[in-house]
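Worksheet for the structure shown next.
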Amino acid sequence: MATHCVKLSKFFKITGIRHQSKQNRGKFFASSAPTSEARQLEALTVLLRGTCSQKCLRALHARLAVAGVIRDTSAVMGLVERYISLGKPAPAASLFAGAYRGRPTVYSLNLAVRCFSDHGFHRELLDLYRELCAFGSDNFTFSPVIKACTAVSCLRLGREVHCGVLRTGHGGNVGVQTALLDMYAKAGQIDVSRKVFDSMVQRDLISCNAMVSGYSLNGCFLEAIQVLKEMQQGGMRLNASTLVGIIGMCGGFEAKDVGSSLHAVAMKYGAIADESLTSAFISMYSAFDDLSSSRLVFDLQPVKDLVSFNSMISAYMQHCNWKEAFEVFRLMHCAGLGPNLVTVVSVLPSCNGFFGIDQGESVHGMIVKFGLVEQVSVASALVSMYSKLGKLDSAVLLFCYFTEKNNLMWNSMISGYLVNNQWSMALDSFCKMQIEGVAPDATAIINAISGCRHTKDLHMAKSIHAYAVRSRFESNQSVMNSLLAMYADCGDISTSYTLFQKMEVRMLISWNTMISGFAEIGDSEASLMLFCQMCHDEVQFDLVTLISVISSLSGSEDATVGESVHSLAIKSGCNSDVSLTNALISMYTNCGIGEAGQQLFDSCCFANTITYNALMSGYRKNNVCEKILPLFYQMVKNDVKPNLVTLLNLLPVCQSQLQGKSIHSYAVRNFTRLETPLFTSAMGMYSRFNNIEYCSKIFSLVGERNIILWNAFLSACVQCKQADIVVDYFKHMLFINVKPDAVTILALISACSQLGDADFAACVTAVILQRGFSAKFLVLNALIDMHSRCGSISFARELFDSSAEKDSVTWGAMINAYSMHGNGEVALDLFSTMIDSGVDPDDITFVSVLSACSHSGFVEQGRTLFKSLQADYGIMPRMEHYACMVDLLGRTGHLDEAYDIVRSMPSRPSDNLLESLLGACRFHSNSKIGESVGKLLIESEHGKSRSYVMLSNIYASAGKWSDCEELRSDMEAKGLRKDVGVSLIGMT
């Protein structure tokens, strides 16, 4: 600084000047020789350039002020420029305004305006202009000021400047007009921009480029092309700036022909070598799904810069070509180009999309090497990558490393928790970011809403909604649509609908969300009402709308409406989509029209896994299980890969344990991660074949056991008659603090019913009462059944009477209890009371009351009830109802009537029903009907000796020894032997 001061004294003669009067200071500089003035300016310039800190600059400013040269234009502008270059626009503006005492010349003002503009201090420029504009402006003033208005989006001041331009007569200047049309275009007022353009007497290439760019920016593709044609007709030589905006629009408008023509034009005018055009063409061809052309443009570029590499990587990434993207990244590295933010953010998703943690860590190392790890956007991309690769600990460690976190970083971490199913942690992070003073943006709110959708936490959901309202996100369509879906998923569809009605603007996704929400809860009427209202409001439906409406139709009464929606889909041209076909197959099979579902499946040219699963699920719902395995074989033959849903459809219909083991083995071999539904379904399959050992092995192999898995294992033990194991595991559940739910309690009650221990039943009841499960209908009904099976019919009745509300199952359980205890009269009285109380009996209730009639021999009452089953209540008799009537008539000797029922049944009678009637024939010595029934049994059973023995005994009782001998010979020929009797007397 001392050196600077010596130079200043030498060249500006500060000592002499300091003692001169104010009037003579100006004369001193005015009378100096030109050579001397040039030297002085050169010295000042050298001094200013050598000033590298604000402190030194202020000292120099002070000495110049003391020297009295602070009003010299060169000195003032030199100081102003240096202040601005050091990033201090405020003292620069104060200096300029003070130096001229608020009355600068137009030339000085232009110099200051240009300086502020060149360094990007647009707001400070506008503040200076507002203060000094009254002292004159010209063409050189207006252009930077208008550009500053554009940069800070200050259209109001821009219009005022426009008025000043017209008022001062500078409206015909090309530079000013170009700045004006650019400002209006970027403000979205493309019509005003066009008016300015049309008013131009002379247009140069820059003004035409600005108009093309404005149209491109506002999505006016055809208008931009028209201006381009006018430019060519006017003989202008197009350059890269002309073409780059339109090229970017070609992809969005799917104008491949126009894009190819522009490529030819760029080659014609020699603009193709421009780096910006190369990147634009790569992106354009990528938008046309023509990656080969994108790669050709990239390869033909003689010298590839970082932007070209980034464009090619981005093009591959957008099409999920992870491997190719990473190869281009390798080429860039081999070419000696270091990555920048765009490169890293583009290439990192390839690690979690195709490669893995090794490649991801390698890229992370390169990021550290090039010093990019401190960049928040890069760190956020790394957090996202580690999260998606399942390395949540690494993501959290990287997240915690940053002390100052912005929205992008928080959003990446919250999304990482969501990807790894850590819903509660995601919601906690949402709360922590507010505690740390970071206001959540729309992305953070949508992520938090997604967490609530999974946790079903309605209280938290309402809190997030309140925050969104308080932070004025109600106008954000994405946030509002997410809220609609959140309330629907949390089971509060009424709030979702209320919110929907309050929305001023309802987008298509809003309608789809509501229709889908009502479809999820099975409210087809509301879904159809919304669909009709949507059409009435002239909102064009899409494929998602149709699928949502179709998904809501599941009953036989919906079949006609479903056919109408199907017709609408055909008219709208959506029927060729495989997703819609899948939904239609599910709809038809759910409505009981399996043939239509089969026809759709057969006509589907591109059946995928979901298509096969839809038809399999339909077969299961319509009890056509014999068609499921052949469909699976067809699926494998057609190289369609089964998924979890496929196996969940197959396991319950396995006809042998070997089939079930094969499917289970397939899952173990082909699925990297076995999910809870597969474990529970496999245990259910093995329990059907009484293989409790395999159920236990599956249960023991699962690391993290949720309550669903515990319930599945307990239910399997119940089915395998292993009640003791159920009790032991229930105790273990309580010991390790696994909270049981209603399904757990039902399994425990079933086990207790199998044990038949009244004392243990009382203990189980106490546990249930203590844990508050007695209020649930299912548990109460099961308790009534348990106590009746354990012999405590009186306590079962107390439980029944204590229930304030009783459904048909409650009544049926109590009626069945009396039926089991042989008290048919009380059972019938209770059935009458049930009818009088306004509760309609269901098919199971009728099984219980008919069974009570059978056990008590109430023939007339049984006949009356059986007739009323369909006549009064519209219930189609099932096999159980026919079995009860046949048993009742057989016990009471009405064999002819019982046999008439057997012959009139719409389906083949079950073996148990026939055995019951055959036993009654033997008891009542009716060999004629017995022989007919016995033959039906022998035809239906293959390899069982019981039917042969029963029929043989009937022949023997009737003295038909020849028939008896023939039947026994037939048994021996088939290798059947009579089961050996076992006595329990004397066994320990």
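Quick reminder: no glycine exception, Cβ is built from N, Cα and C everywhere.
Per TrEMBL, the features are as follows:
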REPEAT    204-238  repeat 'PPR'
REPEAT    305-339  repeat 'PPR'
REPEAT    406-440  repeat 'PPR'
REPEAT    608-642  repeat 'PPR'
REPEAT    706-740  repeat 'PPR'
REPEAT    807-841  repeat 'PPR'
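Distant neighbours of the repeat 'PPR' (706-740): 676, 679-680, 683-684, 686-688, 690-692, 695-696, 699, 747-748, 750-752, 754-755, 760, 771; these residues of the same chain sit at least 6 beyond its ends, with a Cβ under 8 Å from one of its Cβ atoms.
Sequence-distant contacts of the repeat 'PPR' (608-642) (same chain, six or more residues past either end, CB-CB distance under 8 Å): 578-579, 581-583, 585-586, 588-590, 592, 594, 597-598, 601, 649-650, 652-653, 655, 659, 666.
Within the repeat 'PPR' (608-642), the DSSP-based counts of helix, strand and coil residues read 26 helix, 0 strand, 9 coil.
Sorting the repeat 'PPR' (305-339) by DSSP state (H, G, I as helix; E, B as strand; all else coil) yields 26 helix, 0 strand, 9 coil. Averaged across the repeat 'PPR' (305-339), pLDDT for the predicted model comes to 86. With DSSP states grouped into helix (H, G, I), strand (E, B) and coil, the repeat 'PPR' (706-740) comes out at 26 helix, 0 strand, 9 coil.
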